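So that you can see what the record holds, here are the features copied from TrEMBL:
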BINDING   HIS66, ASP104, HIS312, GLU316  divalent metal cation binding site
Amino acid sequence: MELQEVVVKLERFGPNSLAEKWDNVGLLVEPSKPHLVRKLMITNDLTEAVLKESIAEKADMILSYHPPIFAPLKKLTNSSVKERILVSAIENRIAVYSPHTIYDSLKGGVTDWLASCLGEYTTQPVIPFFDESASGYYKLEMYISKDKQHNWSEVLNNYNKENSVQDIIVSDLVDPKGCVKYGITCSRSGMFQILDSYHEMFDRNDNLQITKLSSKPILGTGSGRICRLVEPVSLQILIAQVKKHLNLSSLRLAADFYKPLSKLIRTVAVVAGAGGSLLKGVKADLYLTGEMSHHDVLAAVASGTCVLLCDHTNTERGYLFNKLKLDLGSLLDNRIEIITSKVDGDPLAVI
Ligand SMILES: [Zn+2]
């Protein structure tokens, strides 16, 4: 398949617009045309060893999850590893494509794959993705008393199944009267339906706030995930599930209470790779991520959140080598041989 066709299909699967603004994603190395892709190698990181492996494997393209070009380059010489990798890729006519935060944000991407070991849960992004090319969406915010919450959630869940409602967030915010804050993002028609139901159930609307949004949220897409478990699960069981999912014999846990393993977990905030900045201040019983700084871990534990660290790429590679490999097979009509690197691995090991 021609490289251009591969790239069009990849961008349809995960649009570049999903990437964080600071990221450098998409086609990063393009050999001169025509460039036929017969074999594509998936790797978490494009190291010199992985590049040598791809040359030996006669790959025409590498999908490197982390971008091998990030900071702007001023030269392409043999003086640094980064430059040597790029020079060698060009000389050997190997295209390089990097999806990085596109796949983190993607519904069913890296973050959802990482969270999938938690059992049954409802989920929402820590920071939802908004399509800035679309408008006409509204945010409704209201406080609902405890005795009416169940009925109101049922009404909203019915709308959620139809598509007029993009997102419902029941926050942990409780006002002095014990009412819980609901935030609902919906289309204009969805808003009128919800308002009808709201006025049927509640006589006063003095706590109702309506805001017109300038962009459209994309359901289930965005940075990180907050997962609310349907049934609370002990930390010990969750740790076992995470270890099995990531095929790891050990993880690092930070917690500030006696007998932490029996603690029941209801909410888990999940970030693949480095979770420190995104998880700052996020309310959850547990953070599940690859790495966090010492001070971020201390701050999380001080606010009552346990932290489970699995090392950076251990939270990413499983998605790439298992789910993505299968997804790309059907995306590219099984016309391209897709292989995964055998030498790519997390640089840290427990000894
Ligand atoms: Zn990463």
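Cβ atoms are placed via backbone N, Cα and C, with glycine included.
Heads up, TrEMBL stuff is auto-annotated, nobody curated it.
Overlay of TrEMBL feature records on the structure.
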{"residue": "HIS66", "record": "divalent metal cation binding site", "Cβ within 10 Å": "16"}
{"residue": "ASP104", "record": "divalent metal cation binding site", "Cβ within 10 Å": "28"}
{"residue": "HIS312", "record": "divalent metal cation binding site", "Cβ within 10 Å": "21"}
{"residue": "GLU316", "record": "divalent metal cation binding site", "Cβ within 10 Å": "25"}
Worksheet item: Around the divalent metal cation site recorded as HIS66, ASP104, HIS312, GLU316, what other same-chain residues have a C-beta within 8 angstroms of the site's C-beta center?
Response: ASN44, TYR65, HIS100, VAL110, ALA272, GLY273, ALA274, GLY290, THR313, THR315
